[in-house]
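In what follows, a structure is listed as structure tokens, so that the remarks can point back to it.
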Amino acid sequence: MRGHPNKKPYECSVCLKCFLKKSLLIRHMRVHTGEKPYQCSTCLKSFSDKGNLANHMIVHTDEKPHHCSLCIKTFKRKESLVYHMKGHTGQSYFKCSECLKDFKHHSRLLTHMKFHTGEKRYHCIVCQRVFNQKHNLKQHMRVHERDSIFRCTECLKDFNYKHHLVLHMRVHTGEKPYQCSICLKEFTQKTHLNVHMRVHTKEKPYHCSICKEDFSVKSSLISHMRVHTGEKPYKCSECQQCFSRHLYLLYHMRIHTGKKPYNCSVCGKDFRIKSTLVKHMNVHTKEKPYQCSICLKKFSFKSSLSSHLKIHRLETTSLFT
């Protein structure tokens, strides 16, 4: 090995990349296997590399080992110090070390970092609620000032903030000013368009720390976490049955009310849930969207495909008995 310092004898069997040491190959293989053997004992987040875990642990301590030589400011992460130094050298942007977002002003970066640290410095003197930005506190104070309520002239619904009223008015006007450039679908709010775009980009920025499943919407992650916690915060006032999602409670309540808002335009049959109506329409259209991957036979309903697949499993079992 010493006679051939440039030789890298350890080759990855997946991507053929070569390494000088076996330990480096073992670490690299985790890119392909997804293995993350190093776990934080505080928040249970996992890492593929021991060094990354060590860097992460600083989040849970008050230690700030990286010092700015110009203003004596200290930082938990070396990357934060590097980007801080750009303020002294005159570089025109500051990057968040957590999500890599760029900011033109250091003050904007500091405000943004509160979303990652969870820091909330501004307290409401009335209800003790805390906020991470001063203008959010100012907006919140209108909740306690009854003369600043904004009322919809159509349905008389009240709003604490004027921009909430503006958004609400689109329910009555039908205005949808934000359009998807790919599928041309329209939305009342820009945030709804931004979330929709993830359908096309396949982006799923919200990650479950327990089972590693990814989600495109934060609310979906919150609902998913109840699978692990067993939490069911939505209770039926009629029969006390509990549900993990508000939507499930709404569906369930129709059992008590008898409401079936979805009507088949062909045979007039009513349904409580829209997805049930969609499946029912296959009866009339003769559409068979569910195909067996073994014999290619098609079915109108997923349940029919599931029953059919049992036949193949029985056939496979009989071959080995």
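Glycine is treated like the rest: Cβ placed from N, Cα and C.
Annotated features in TrEMBL:
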- 10-37: domain 'C2H2-type' (DOMAIN)
- 38-65: domain 'C2H2-type' (DOMAIN)
- 66-93: domain 'C2H2-type' (DOMAIN)
- 94-121: domain 'C2H2-type' (DOMAIN)
- 122-149: domain 'C2H2-type' (DOMAIN)
- 150-177: domain 'C2H2-type' (DOMAIN)
- 178-205: domain 'C2H2-type' (DOMAIN)
- 206-233: domain 'C2H2-type' (DOMAIN)
- 234-261: domain 'C2H2-type' (DOMAIN)
- 262-289: domain 'C2H2-type' (DOMAIN)
- 290-317: domain 'C2H2-type' (DOMAIN)
Seg_contact(the domain 'C2H2-type' (38-65), the domain 'C2H2-type' (290-317)) with at least 3 CB pairs under 8 angstroms, min sep 6: no
Beyond the flanks of the domain 'C2H2-type' (234-261) by at least 6 residues, Cβ under 8 Å: 223, 226-227, 270-273
Secondary structure content of the domain 'C2H2-type' (150-177), with strand meaning DSSP E or B: 12 helix, 4 strand, 12 coil
The domain 'C2H2-type' (10-37): DSSP-derived helix, strand, coil residue counts: 12 helix, 4 strand, 12 coil
